[in-house]
Amino acid sequence: MEHIYQDAWIIPFIPLPIPIAIGLGLLLFPTTTKRIRRIWAFFSVLLLSIIMIFSVILSIKQIDGNPIYQYVWSWTINNDFSLDFGNFIDPLTSIMLILITTVGIMVLIYSDNYMSHDQGYLRFFAYMSFFNASMLGLVTSSNLIQIYIFWELVGMCSYLLIGFWFTRPLAANACQKAFVTNRVGDFSLFLGILGLYWITGSFEFRDFFEIAKNLIDNNGYNSFFLTLCTSLLFVGAVAKSAQFPLHVWLPDAMEGPTPISALIHAATMVAAGIFLVARLFPLFTVIPYIMNIIALVGIITLLLGATLALAQRDIKRSLAYSTMSQLGYIMLALGMGSYRAALFHLITHAYSKALLFLGSGSIIHSMENVVGYSPDKSQNMALMGGLTKYAPITKTSFLLGTLSLCGIPPLACFWSKDEILNDSWLYSPIFATIACLTAGLTAFYMFRMYLLTFEGHLNINCKNYSAKKNNGLYSISIWGKMGSKVIQNNYFVSTMNNYEKITLKAKQIDDNGISNMMRPFITINKIFDNTKTFTYPYESDNTMLFPLFVLVIFTFFIGYIGILPFDQGRIHFDILSKWLIPSINFLHSDFNNSFDWYEFLINALFSVSIAYFGIFIALFLYGPAYSYFHNFNLINFFIKRGPHRILWDKIINRVYNWSYNRGYIDIFYAKILIAGIRGLADFTYFFDKKVIEGIVNGIGVISFFVAESIKYVGGGRISSYLFFYLFYVAVFLVICLN
């Protein structure tokens, strides 16, 4: 089946007819194109399904042991320089192809219903298809120049989708923030590519892997410059994957439609940075210090993301910080050299996070009928609660995604996260301790999100009552403690405050908009029984529930592909290792070594205990009023007033303020970095206008007045000109003689 590999070059081009056809249709036949808009959604799903089948065949060939395949077209510019374009198929490529296509198909089916009321429906599907095409081109690229081209296209599509509702100021600002932040990473990536080309004379992966290794082994090149170039490449990945300190764009990217948030966080933009590090992994492993830098950035990011998610009120922002933290785990694994564990967690996290984001979209969709179209209200967990009664199917899927991300067996993320935690103990006890602590924080904030959304009562109907205030530790509740906001130049530092300023008046959905709403192109009847009301939240349509059902299946079973074999030989689901054999033979000579039952159970028991402890704390702090956790004598003992209680309140308040204000990092950038750049720009403008132009204009003005003076003195007579000429000559001679 060699032709399967030879035809792989067409993969990025298969989705392209959709945006082209939509663009031409809107230009030439706008009315007809809008009337048949469901057809475009159908073909978007169909073409991506073809790529998925193609990807599955390629993956099966890789698992069966087929070698890495590369096909290149060379464009010779002159005798000394040529550009090569082609496709590169290896296990990493096949993994990314399956992730992009499977998650992309579910998001497209979901989006048909979610975006059906939106006037930008066609524009959305055009962007989405081009986004998928760009990401597919990125993962099949055979050299760094090709990667950079598709890297920029992926970034462009993400900016368009983040700012999809560009008439909203927050969305426009978020789009600009993502653009500027990623410009830093993209420029660094470009410099790193040029530096590597200057060193190796090639853009091909295999060429500069071998050349760089030979140069280092033979001390044939400046190791500092090579380290600098690889560090610049890594900065590009840091920005794209929202790693510290270039993570600030990710929470604001939630201003885009929820389906695109699911795609960005699961399989496209943020995965692009991880893909770049994984693709260049052979280069990073032979460069001194760079692996330590990758691990350090990963450990900082996973802890920072977890702490910033602790007190967020917006359900999508909470999930965004969760993504940031989980990508930190993947980056940590790559920095430790755990290539297999990193890709394993990339796979499991993608499906779990797609499930959570699409579940949050179902929640937001149902809340909009109660609070109106307002992201500040429909995405605010303070106004939710008790949704189990109204959206039981969404609740079940969201709970399974939450448990998976918490690391509860046998769900997907348990297997991959547990492997990363085990490897971290071998790398650094300090890093391992932080990673385990963050695992507990992950369980806490994820279950906090679930409890605030689905348990208790619908808070919008009882705004002045919160069951959490009955808790002794109400100071970190969603409603907060009496306080104030300090507003400084459009940026505010929020302290613990009550939520009385929230207005419950909402815009009502336009009747004409509802009557003209298009039905989804896929109708799934008699699977789920949904009852809609317009005074309470309701369960989503079957077209939105079907992707949740499919992703639940992935969340249940995808983890089994990476279970390592045991000594007893009772489990043999080591599909992932067989899949990755061509890529990791040179990295882990002993990767086939298996764990015994005892070691596995001890490690699993430890990680699961941490997760359950975080869940217990979340139940204690955010459980509903009828929760039996509030009646424990032990808890009553801890919440008694006293000096220790006051100190504990202060600690909790500081943690809350740190988390809710995003660690003050955005404020630091706004007050120091952005203000400093603007101040420098103002000074440069002043210096240019007042000093530089002042000197130039001053010389002109002085020359003008001198000329005018001489003109009137001379009077136009030749005798006067001769007199002044002789006078100047005499002065010149006197000066010279002296």
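Backbone N, Cα and C atoms are what each Cβ position is placed from, and that goes for glycine too.
Annotation source Swiss-Prot lists transmembrane segment at 9-29, 39-59, 147-167, 185-205, 224-244, 280-300, 327-347, 396-416, 425-445, 544-564, 667-687, 694-714 (among others).
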Tell me if the transmembrane segment (224-244) touches the transmembrane segment (327-347). I count contact as 3 or more CB pairs below 8 A, with pairs 6 or more residues apart.
yes
Does the transmembrane segment (425-445) come close to the transmembrane segment (396-416), meaning at least 3 CB pairs under 8 Å for residues 6 or more apart?
yes
Going along the chain, which residues at least six beyond the ends of the transmembrane segment (280-300) come within the CB cut-off of under 8 Å?
205, 208-209, 212-213, 216, 223, 226-227, 230-231, 233-234, 238, 243-244, 328-337, 339, 427-428, 431, 434-435, 586-587
Cβ-Cβ under 8 Å with the transmembrane segment (544-564): same-chain residues at least 6 beyond its ends:
102, 106-107, 109-110, 113-114, 340, 344, 347-348, 351-352, 354-355, 358-359, 361-362, 365, 393-394, 396-397, 400-401, 404, 410-416, 419, 522, 524, 527-528, 571, 573-577, 579, 594-595
